[in-house]
Amino acid sequence: MATTTSTVVATTANTSRNDNDSSIQSETVISLQGQHDTPSIPDDKENKEPTTTILQPQHEQPKKLWRRILDRVIHYLKQYWFLLGLGTVIGLAWAFPQVGKTNGVIEAQYTVKWGAVIVIFLLSGLGLEVKVMLQTILRWRLHLVVQIINFVFMPFFAFGVVHFLIKVGAKLDMAVYQGFMIAFSTSTTVSSNAVMTRNAHGNDSGALVNAALGNILGIFVSPALMQLFGDDNRIFTPGTRGTVDFLSVLKTLGLTVLLPLVVGQVIRYFFTRKVKYLAAKLHFSIINSLALLCMVWSVFCDGVASDAFHRMSGVDIIAIIGVDIFMYLLGCSFCIFVARVPWPSKLLSTPTPALVKKWRFSRQDAVAIMYCGATKTVSLGIPLINVLYSDKSLGMMGVLSLPLLMYHIIQLFIGNFQVPFLKRWIEKTLEDVDEDEQIPMSNTSSNISTTDHTHREGEDNISLPTTTRRRTAQA
């Protein structure tokens, strides 16, 4: 009996070190049985501490009115500083055009039109995760949809809009029509599309890959589109068409766009940690945006120095803004329509066809498709204008770039305005499961244990069981 008691006491000492009454065997058994419940006591304490910490600020006095206004102003300045920077550099160009023009004080034809472009795409290469790109690049259907919308639908629809304006006799400068065709022949943006996709909780890795892929394809596709549209004499009248020397275009864009992008990816691959540290420390995205502002500043300096903007009327400016807004909203709507093909199931009282279900992308992918398919880049557009119209007047290049610059401003304004709405649209999938996205009940029991950890191969749409989505939403 003594041996049994000592054994029980020893067992109790090993399993419950903080128990001083371990001499009684019944208490020892209870302690062993409740071993799994013991951690709940400190957990309750830990859960209460953050609660008191969160409730404490409620007893603090509210901020003063001037402080709230100042915080709000600082918030908007941080969020829209690039747009403020655009206004600043345009103002500086109007005030001091001799500084940033070609062959001016700083020799902008080298320092800006080469140096700034190289910086932009070198930092873009350094900022793209190599592994993420390799994994996401296999999703060919997503990339194909984005690039077709960006390089086929947008430029050819713009071609139709320009012909419509000419048909109705719109009193616009021919350079405005040409600027529209150049603007919508360019690729998607380099970084802002991925940033807005990430802020909306979309598929940001898909946006990053399509941004890189689109700008690489743009080196070849954009000059080809300009060659195609340039054959239309109603838009590009004799003497106004840019010279498309593919060898010169590929050489210039290859050295300033493709080579820095590849070099950045190689450096990122071999020195990943150091690059990530420098990217966070030096704020690569801000440097990238500053380099882009330098390009815009130089273009406007050329336009102001040659008095090119004085020939544009108020009707031209209004038309540029109106067409740009229309094209951006049209591009966004078309992207969402293609990615999430609607089907009137309730109206027809029939289930959605399997082919439509199979085609549909997830809402996260739909947001990435929208921001990549509808946006256009200034980073590639301005170098393209400089190459195609190198033999034309500097003022001509400034006017041609205006529709693209205005489109860039509009897509930033409207794109950031869309973010909270798209974010709620995506988060709604965690609370409400669409009828077309539900998993059949016969398959739920077999898939529920593995759905949270694995994805079905070969599918772009990721579906979660209803119980899993509700549990995630509550968490």
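Every residue, even glycine, has its Cβ placed from backbone N, Cα and C.
Per TrEMBL, these features apply:
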| type | residues | note |
| --- | --- | --- |
| COMPBIAS | 1-16 | compositional bias 'Low complexity' |
| REGION | 1-59 | region 'Disordered' |
| COMPBIAS | 21-38 | compositional bias 'Polar residues' |
| COMPBIAS | 50-59 | compositional bias 'Polar residues' |
| TRANSMEM | 80-99 | transmembrane segment |
| TRANSMEM | 111-130 | transmembrane segment |
| TRANSMEM | 142-166 | transmembrane segment |
| TRANSMEM | 178-196 | transmembrane segment |
| TRANSMEM | 208-229 | transmembrane segment |
| TRANSMEM | 249-271 | transmembrane segment |
| TRANSMEM | 283-305 | transmembrane segment |
| TRANSMEM | 317-339 | transmembrane segment |
| TRANSMEM | 367-389 | transmembrane segment |
| TRANSMEM | 395-414 | transmembrane segment |
| REGION | 436-475 | region 'Disordered' |
| COMPBIAS | 440-451 | compositional bias 'Polar residues' |
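In summary, the transmembrane segment (395-414) lies against the transmembrane segment (317-339): three or more C-beta pairs, each 6 or more positions apart in sequence, are under 8 Å.
Scored on C-beta pairs under 8 angstroms, the neighbour of the transmembrane segment (142-166) with the top count among 111-130, 249-271, 283-305, 367-389 is 367-389.
Contact between the transmembrane segment (178-196) and the transmembrane segment (249-271) is not supported: fewer than 3 Cβ pairs lie under 8 Å, counting only residues 6 or more apart in sequence.
Of the two recorded stretches, the transmembrane segment (367-389) does not lie close to the transmembrane segment (80-99), with fewer than three CB pairs under 8 Å once pairs fewer than 6 apart in sequence are set aside.
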